[in-house]
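A.B. asks: Let me begin by handing over the structure; questions about it come next.
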Amino acid sequence: MTSAVSFQKVSRHFGSVRAVDAVDLDIEPGEFFAMLGPSGSGKTTCLRLIAGFEQPTAGSISIFGERAEGVPPYRRNVNTVFQDYALFPHLNVLDNVAYGLMVKGVGKPERQKAAEEALSLVRLPGYGARRPGQLSGGQRQRVALARALVNQPKVLLLDEPLGALDLKLRENMQDELKSLQKALGITFVFVTHDQGEALSMADRVAVFNDGKIMQIGTPEDIYQRPRTRFVADFVGSSNVLPPDFVQRYSGQHRWGSLRPESIRVGRGAKGDGVAARLVSTNYLGATTRLALDADGLRLHAIVPAGTAVPEEGEAVVLTFNREHLHLMDEPA
Amino acid sequence: MSLDAAMPRTTAPAILPGSGGLRGTLSDLFWRRPQLLLLLMLLPPVLWLGIVYIGSLFALLLQSFFSIDEFSGLINREFTLKTYGDLFQAANLDIILRTVTMAALVTVASAIIAFPIAYYAARYARGRWKALFYLGVMLPLWSSYLVKIYAWKLILAKEGILTWLLAKLHLLWLLDGWLSLPIVGGNSLSVSFTGTFIVFVYVWLPFMILPVQAALERVPGNLVEASSDLGASPGQTFRNVLFPLALPGIVAGSIFTFSLTLGDYIIPQIIGTSRLFIGQAVYSQQGTAGNIPLAAAFTVVPIVIMGFYLWGAKRMGAFDAL
């Protein structure tokens, strides 16, 4: 089966900056794919390469089997939901949504009907006559989504689409985007720096750093079995354990990772636990996050609400299940 | 180092005493009554604008409703519309039509030339290039208007550099062909309407470039990308996104180029034919001819035209994107 989007050794350099560096990538048709990484990691440049706003310095890109280098954005059946929505301020909502059909020469009654339907799809029926300036952030986000979807793109690109929304709205939109993607079956490629968002929405996640893909996998893969220190640290802020520490518990001299929720914090005899000192506690509602100092090694533990938490500065003993200790590929 | 050492705790009171004196009292007074400060700041310019500026314009307008006694040459201070009737004499109507046509052509040409320059400056020029752009656009405005016009007279003259250059390029036939045309032609460019047009465009161009550049500067770059992403070719993006969003700037610029051309009386006097423009008509009526009512009536023409122009621009939605 042909991939929806395929990168072969794609690089994009800006002067001496390697924004994207020899990236290989295959996105399956109908997949909800997330590109996750810190700012400047090359994820947005990858999205712009798919949209056609950037051209690769080297390598080749194909979209549903067709070569895309040198093809301008307006000849790609790919649409983008921009980070700050990029709605046309001089057009009303209906004309914004109908824009793509208008430039393709679809007649007025027909394109307005399609635009109305797209607005209903994003639950904004009857908003057509308003100006983008009269809408809230969440509503603009939906208009931007409708404006892209009305063209029935082969691939929908979303550039940090939820970044500007407040927490409550963001959670609602996450659910909506996911069910919309399931219903429409369009390939979604989603760029975000928020690991929670990537894990909760995507079928597969690519973790970017320094213009390279560190790891591609299902959210569970990425979260439970990070391959490198960077992935372990960036996705869910795992405890990264140095080889010497790991050797004592697994017998292998390799970097390891341990989820903060896998650590149990207790008092009393040392046994086979790790002696540590509680540095600080952060109350987070459902959980409490503890910062610990185990003989110079900084560790974090997350305990459920209601657990008795020792005083700050107190000596504690840390225990964990050996099989939760994950060994990484990263060379020691 | 302790925090106390870095930021020692002070024993300052929570509310500071007034600084005292006239300045302190005035500052506090203005803070409490901001309208008072606003009134003091606005009073001088409002008086200036209201009395000296609008007032004199109104006095002029009043003159246009008087008439001149053709035998004695004295002004008859009785209300009449006869002077306005004089405007519609064939010779005067010619002057108005000629000026409006020239102003319209100059405006359209300025807009066409200004747009790519403004677009480059707004979208691509950064740092040093942007400074160079401003310098390049403004520099001609810093030198004397008369010097520039006389310079153009030399450039456009029959023995001028333009003729010489075209002769070297073996393109003189092109110039001769153009000059042999009726209306726009003449003995040389410096005594033709074409020459007047070129100099008008040159002199007023900065007034078009700057507002268009300001309007384009406010168009976020991602709107152009969004348009392209939605399938619009560069031409469609220009028509549907860039042009409508730049329109307030183009209209602002055209208000300058159009009204400045309507009122100017020096350029057509130095470069062009002997046929008059509105500005020259006003100048000669109130000077040599001493017919101040007709001069005043002529002055009203550009005001009325600009009024209609702005009304039409507003109806066309030129200010919707503001």
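From the backbone N, Cα and C atoms, a Cβ is placed for every residue, glycine too.
These numbers come from a predicted model, not from an experiment.
Pasting the relevant annotations from TrEMBL:
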DOMAIN    B:96-310  domain 'ABC transmembrane type-1'
TRANSMEM  B:36-62  transmembrane segment
TRANSMEM  B:95-120  transmembrane segment
TRANSMEM  B:132-155  transmembrane segment
TRANSMEM  B:161-179  transmembrane segment
TRANSMEM  B:191-210  transmembrane segment
TRANSMEM  B:245-267  transmembrane segment
TRANSMEM  B:288-312  transmembrane segment
A.B. asks: Give the nonlocal contacts of the transmembrane segment (B:132-155) in its own chain as ranges (CB under 8 Å, at least six residues past its ends).
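C.D. replies: Hits for the transmembrane segment (B:132-155): 117, 120-121, 125, 161-162, 190, 195, 198-199, 202-203, 206, 209-210, 266-267, 270-271.
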A.B. asks: What parts of the chain pack near the transmembrane segment (B:245-267), using Cβ distances under 8 Å and only residues at least 6 beyond its ends?
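C.D. replies: Apart from its flanks, the transmembrane segment (B:245-267) reaches 99-100, 102-104, 106-107, 110-111, 114-115, 118, 145-146, 149, 196, 199-200, 203-205, 207-216, 218-219, 223, 277-280, 282-283, 301-302, 305-306, 309-310, 313, 317-319, 321-322.
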A.B. asks: Quickly jot the same-chain residues contacting the transmembrane segment (B:36-62) by Cβ under 8 Å, restricted to those at least six beyond its ends, or write none.
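C.D. replies: Tertiary neighbours of the transmembrane segment (B:36-62) are 29-30, 296, 299-300.
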